[in-house]
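*Asks:* Pulled the feature table from TrEMBL, pasting it below:
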type: DOMAIN; residues: 12-402; note: domain 'Major facilitator superfamily (MFS) profile'
type: TRANSMEM; residues: 12-38; note: transmembrane segment
type: TRANSMEM; residues: 50-69; note: transmembrane segment
type: TRANSMEM; residues: 78-97; note: transmembrane segment
type: TRANSMEM; residues: 109-128; note: transmembrane segment
type: TRANSMEM; residues: 140-160; note: transmembrane segment
type: TRANSMEM; residues: 172-192; note: transmembrane segment
type: TRANSMEM; residues: 226-247; note: transmembrane segment
type: TRANSMEM; residues: 267-287; note: transmembrane segment
type: TRANSMEM; residues: 299-324; note: transmembrane segment
type: TRANSMEM; residues: 344-365; note: transmembrane segment
type: TRANSMEM; residues: 377-398; note: transmembrane segment
Amino acid sequence: FPSFRRPVARVWTVVLLLGTCLLYCARVAMPICAVSMAEQFSWSKRESGMVLGSFFWGYCFTQVFGGYVSDRVGGEKVLLLSAAAWGSMTAFTPILAHFCSQPILSMTLARFLMGLLQGVHYPSLASLCSQKVVESERGFLMSTVGSGSYLGTLVIGGAGSLMLDLYGWESVFYVSGLLSVLWAYCMWKYLLKGEGPIITLESLGSGGPQSKLSKRHWLRLLKQPAVCAVIVTHLCTASTFFTLLSWLPTFFKDTFPDAKGWVFNVIPWLVAIPSSLFSGCLSDHLISQGRFFSMGVSSVFTLLLCGNTTFPWAVAFVSATMGLTTFSHSGVSVNVQDLAPSCAGALFGVMNTCGAFSGVLMVYFSGYLIEATGSWATVFALITTVNLLGLCTFLAFAEARRVDIDSIRPTHPSLSELSE
């Protein structure tokens with residue numbers, strides 16, 4: 001693969017940050033609009049949970065594939081093609097809702113397809129980072145690009161809430177979808193210089209050192225306790241994060257009906273952005289301690305939401321939970337690259353598949369719990385339990401030494417080497 005020189009790498013960092021921001025603008029459009037859509041189409045909590053959860057079913061299926069392809073043809077091609085596709089799907093979502101006789105079915109299918117298309121994003125980033133960036137710089141780069149998820153949720157939470165009130169829920173999908181397509185076009189035109197992002201079967205079959213990883217090597221890798229630990233931990237943290245992301249707007253609307261949407265859709269993510277950048281610096285040095293701190297303390301704040309609380313305190317508890325969750329996300333993205341740099345994209349895909357699958361179950365099951373018990377406390381108690389399970393697994397088995405095949409060395413020059 002052609003490697004990024006340092007000035008180009010800085011441009012790519014900003015571009016990928018913006019792309020991740022738009023990824024979450026498109027992803028969070030549905031949770032932001034879910035209450036309005038449920039009222040218009042007469043959905044129950046269980047049906048809303050089915051629509052919100054269907055995204056993660058699709059998200060499960062393309063994680064490993066996205067990492068596999070990125071390890072061979074380059075993550076930038078995969079990112080470009082997927083962004084053009086999920087941006088278009090987002091823009092067409094209102095049309096599908098209004099012109100289908102069964103909106104519940106069309107929205108469930110649309111969210112499933114969105115999940116399929118967005119599922120390749122993070123494995124592609126992990127693959128790109130492991131190929132181009134030296135170990136000491138990975139945490140900061142991944143956390144900087146990863147903070148786009150919180151920036152995107154912040155932007156869509158603020159601007160989306162205003163558009164929702166002023167122009168209707170359809171406008172949220174139109175704007176976020178069209179901006180995403182525009183980003184993909186600019187990336188193709190100015191960074192890839194208009195070269196066609198063509199992925200051939202030949203390129204999939206060859207690739208770099210990653211192609212040397214046979215089934216036997218993969219089995220040996222997955223038998224390593226450290227690899228299993230990071231997969232289980234990511235499963236727990238991802239599922240709780242996805243559940244909070246999907247249900248928090250509905251929680252605030254149900255519990256505090258007079259509250260302004262832009263407040264609870266903006267403030268938690270305003271806290272998460274600087275927290276994510278700080279966690280990247282910390283995760284390069286203190287992965288285990290950072291994860292222990294984040295998962296342990298965030299569980300306490302989530303548990304506090306189980307009791308009766310005022311709106312300002314609820315926003316404060318949610319903000320603390322989301323801010324601390326960023327430490328886990330930075331830690332896991334770096335830990336994968338430490339454990340298996342030769343196949344970081346594919347292994348990250350395996351982890352995200354597990355996380356997305358558990359996210360499906362938890363998002364849907366949360367809707368069932370709310371409807372069955374009439375209490376949000378059961379959902380927050382479930383989130384706390386799953387979080388603590390992940391914490392115990394990580395503390396017991398995780399480590400940062402390389403466990404993939406020693407003979408396989410990445411052949412891609414690092415950014416630091418190129419700048420010397």
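Positions of Cβ are set from backbone N, Cα and C atoms, glycine also.
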*Asks:* Between the transmembrane segment (50-69) and the stretches 78-97, 109-128, 172-192, 377-398, work out which stretch tops the count of Cβ pairs under 8 Å.
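*Replies:* Ranked by Cβ pairs under 8 Å, first place goes to 109-128.
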*Asks:* Under 8 angstroms for C-beta pairs, at least 3 of them, ignoring pairs fewer than 6 apart in sequence. Is the transmembrane segment (109-128) in contact with the transmembrane segment (299-324) by that rule?
*Replies:* no
*Asks:* Can we call the transmembrane segment (12-38) and the transmembrane segment (140-160) in contact, meaning three or more C-beta pairs below 8 angstroms at a sequence separation of 6+?
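*Replies:* Yes, the transmembrane segment (12-38) and the transmembrane segment (140-160) are in contact.
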*Asks:* Taking the transmembrane segment (172-192) as the first stretch and the transmembrane segment (78-97) as the second, find out whether 3 or more Cβ pairs fall under 8 Å, excluding pairs closer than 6 in sequence.
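*Replies:* Contact confirmed: at least 3 Cβ pairs fall under 8 Å.
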*Asks:* Quick one: do the transmembrane segment (344-365) and the transmembrane segment (226-247) reach 3+ CB pairs under 8 Å, ignoring pairs fewer than 6 apart in sequence?
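*Replies:* Yes, the transmembrane segment (344-365) contacts the transmembrane segment (226-247).
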*Asks:* For the transmembrane segment (226-247) against the transmembrane segment (78-97), do we get 3 or more Cβ-Cβ pairs below 8 Å once near-sequence pairs (under 6 apart) are dropped?
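*Replies:* The transmembrane segment (78-97) and the transmembrane segment (226-247): touching, no.
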*Asks:* What same-chain residues lie close to the transmembrane segment (78-97): Cβ under 8 Å, and 6 or more beyond its ends?
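*Replies:* 16, 19, 22-23, 26, 29-30, 37, 41, 66, 69-70, 103, 106-107, 109-110, 113-114, 117-118, 120-121, 124-125, 128, 169-170, 173-174, 176-185, 187-188, 192, 197, 199.
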